[in-house]
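Visitor: According to TrEMBL, the record shows the following:
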- 89, 94, 111, 112, 113, 139, 140, 155: S-adenosyl-L-methionine binding site (BINDING)
């Protein structure tokens, strides 16, 4: 799952903003997750589909992510290895193909939509042979293998998790890291509060809440950047490196 969201007008933000994620949930958690699964089953398995109609920004996104990630990779004290990466909410493998496979020996993908993972097997081409696992699972239920990953990449998918499930997932990711491993979260951020999206059954959190949830998971933000050169009409996108 992955999506680049348009930002709301100031009036709409005020009308719809919540102080915390649970206040935005009208239905129970089961319905919140099932609606999201249904939404993504109707999305075409294309780059444009993965980016909510903003396929044209894919190269800008990948280039920004690569520049960010390469600061941490290499050899030496505190550097992150390049053995295995995990692509969370991988969709058809857009990030795996253009960011992770060029930098890591092997990659695993996890996504809740089986059709996307099936498409990834052809979309990734010859390099897809270096993908070891395709996990069809929602992140609220996914358990990374302990100490398997050098980098766990989580992009445009945390809005599909409740606050509690996001904290629990980040904790499980922490246990899935190799020594000096890194978790990267890249996502839309709201200007204030939590903005619900009824279309795809997700939320957009502000930075302060996201930072709080990261801290609650026992992780530290070691680097934080705003993605540049995205269209003005979409929410700001920030990238956070966690350990």
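Glycine is treated like the rest: Cβ placed from N, Cα and C.
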Visitor: Determine the most Cβ-crowded residue among the binding-site residues 140, 155, using a 10 Å radius around each Cβ and all protein chains in the structure.
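Guide: Neighbour-count leader: 155.
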Visitor: Counting across all protein chains present, how many other Cβ atoms fall within 10 Å of the Cβ of residue 112 (S-adenosyl-L-methionine binding site)?
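Guide: 24, counting other Cβ atoms within 10 Å of residue 112 (S-adenosyl-L-methionine binding site).
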Visitor: Note down the number of other Cβ atoms within 10 Å of the Cβ of residue 94 (S-adenosyl-L-methionine binding site), including every protein chain shown.
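Guide: So the number of other Cβ atoms within 10 Å of residue 94 (S-adenosyl-L-methionine binding site) is 24.
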Visitor: Rounded to a whole angstrom, what is the largest C-alpha distance between any two of the residues 89, 94, 111, 112, 113, 139, 140, 155 that the record assigns to S-adenosyl-L-methionine?
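Guide: Per the listed residues, the maximum Cα distance equals 22 Å.
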